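Here's the structure, in structure tokens; my notes come after.
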């Protein structure tokens with residue numbers, strides 16, 4: 001009986017073919033080592049490297065799209081819910097039937113105060129929170145707080161609405177500061193992954209040239225604001241598909257309104273106290289709020305699962321290791337920089353113009369003349385105009401960077417002057433297309449303003465150790481402007497337009513003055529970022545260069561090393577410790593060069 005041959009040949013065993021396999025390669029002890037453990041014969045290192053960095057670039061694009069979509073859904077849910085609840089709570093019949101003498105108007109005023117007043121303190125804690133949690137996790141936490149605010153509207157009481165509104169007010173500035181930092185970091189990463197060969201030639205610790213990431217930053221900011229401005233349109237979906245079915249027409253709601261536009265005083269003076277024909281059933285309200293809650297939860301999952309980290313783990317350790325006291329002080333120290341001081345009026349105007357579009361123009365001009373049932377379509381016109389015009393921020397690829405900002409300011413200047421002399425008659429719809437046209441044009445100016453400012457800050461402050469401070473200052477001033485608008489909501493329309501006009505002119509003049517100073521070669525004074533102080537000296541911190549060292553500090557360090565004498569070889573042929581590097585513990589033990597003996 002013949003023995004069946006083994007399925008696999010035994011190494012070193014002589015078979016019918018001797019000590020060679022079917023490819024003619026010797027088997028057993030004489031087999032060459034390269035044939036066993038060598039590289040794959042068809043492996044192309046350059047092609048694999050190209051594919052690797054292509055996947056990295058696609059990952060960066062995925063991060064930008066996920067962050068943009070998450071913020072769009074979050075703000076669409078937040079603005080839509082807030083608008084729907086304020087309209088329902090305004091109707092006195094709804095308040096009396098649903099809530100009796102609970103004092104719903106007082107709760108609403110406290111809720112709005114929590115949303116608008118709390119961000120004033122954000123400058124004190126935002127950089128600390130971003131450095132403590134990290135950029136991505138700060139975004140996730142802030143989006144979760146927005147979802148918490150949505151969930152509390154299931155049970156509308158003082159102890160649910162007001163605390164959640166205060167928490168939401170605390171999360172506004174951290175969300176936007178971390179988002180601006182995140183988009184800027186993604187543009188820098190995309191540059192690194194696109195020019196990886198240059199990075200290999202220059203060395204891993206060499207910073208890329210100044211402004212090299214600017215083209216990618218322009219594209220990513222245009223994508224982000226194209227998505228974000230759609231949130232104003234998404235916020236109108238509950239109004240269109242649900243609330244408009246219960247509203248009275250303009251002949252009832254505007255029966256006592258005498259003047260609109262530039263002649264108006266406060267917010268809708270004389271507006272009817274009853275705006276609902278029939279009261280919506282509680283079951284229908286729960287269904288709408290459940291849909292909004294599901295969308296908010298989806299936004300949380302998108303930020304959590306699809307957004308990658310903005311920094312490497314070692315970079316985040318370095319950013320936190322400068323000291324919490326320094327992190328707290330650095331936003332205030334950056335006021336020394338004349339560029340930030342010149343941009344503060346633009347920061348304030350950026351907050352003014354968004355609130356004016358959503359409250360001043362939409363209510364004082366649009367609703368006052370066309371009725372509450374057309375508010376949603378007016379804001380959709382603003383949203384679509386702003387979203388489509390965010391692409392105009394790409395003009396910075398071919399034109400000077402001041403062109404988008406100045407163009408947006410010029411457009412808003414013309415519209416503001418026109419609104420000074422426009423007082424539309426109440427309950428007149430013959431020229432309703434003018435309202436939609438003005439809203440769309442205002443959206444164009446808003447898009448140029450937002451994309452221009454965010455791109456400018458990302459170009460002027462591209463050091464990763466400064467970006468969270470800069471975007472915190474930017475959005476804190478926006479929050480201050482929104483607080484001022486909240487305080488002045490009862491002013492006459494002419495006073496609001498005058499404040500808007502003066503701020504706009506001052507912002508444009510201050511910005512052009514800043515650009516002139518930069519062209520003259522005036523060097524801004526920036527605070528020094530302290531070096532990381534690590535409690536544990538691991539292998540990561542024995543590298544030659546510090547990942548958080550600025551260019552000026554690096555040049556000074558190299559100059560100091562050039563003056564020093566060449567280090568002598570240690571015992572047993574130990575190699576020199578390298579320029580500007582302390583000896584590792586092993587070298588200190590061999591050479592007696594530890595800190596105790598210096």
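Cβ coordinates are placed from backbone N, Cα and C, and glycine is handled just like the others.
For the annotation N-linked glycosylation site, the record in Swiss-Prot points to 272 among the listed residues 116, 272.
Highest local Cβ density among the glycosylation sites 251, 272 belongs to 272, counted as other Cβ atoms within 10 Å over all protein chains shown. The transmembrane segment (285-305) shares the most Cβ pairs under 8 Å with 223-243, out of the stretches 110-130, 223-243, 343-363, 378-398, 428-448.
Proximity of residue 449 (N-linked glycosylation site) to non-local residues of its own chain (separation of 6 or more, Cβ distance below 8 Å) is seen for 346, 349, 350, 353, 405, 408, 409, 412, given in sequence order. The two recorded residues residue 272 (N-linked glycosylation site) and residue 251 (N-linked glycosylation site) have their Cα atoms spaced 10 Å from each other.
Beyond the ends of the transmembrane segment (160-180), by six or more residues, the same chain brings 67, 71, 78, 107, 110-119, 121-123, 125-127, 129-130, 135-136, 138-139, 141-143, 145-146, 148-149, 151-153, 224, 454, 457-458, 467-468, 471-472, 474-476, 478-479 to within a C-beta distance below 8 angstroms of the stretch. In this chain, the transmembrane segment (428-448) lies close to the transmembrane segment (378-398): three or more C-beta pairs between them fall below 8 angstroms, excluding pairs fewer than 6 positions apart. For the transmembrane segment (469-489), same-chain residues at least 6 beyond its ends with a Cβ under 8 Å from one of its own Cβ atoms are 112-113, 116-117, 119-120, 122-123, 126-127, 130, 172-173, 176-178, 180-181, 184, 266-267, 330-331, 334, 340, 343-344, 347-352, 354-356, 359, 453-454, 457, 460-461, 495-496, 499.
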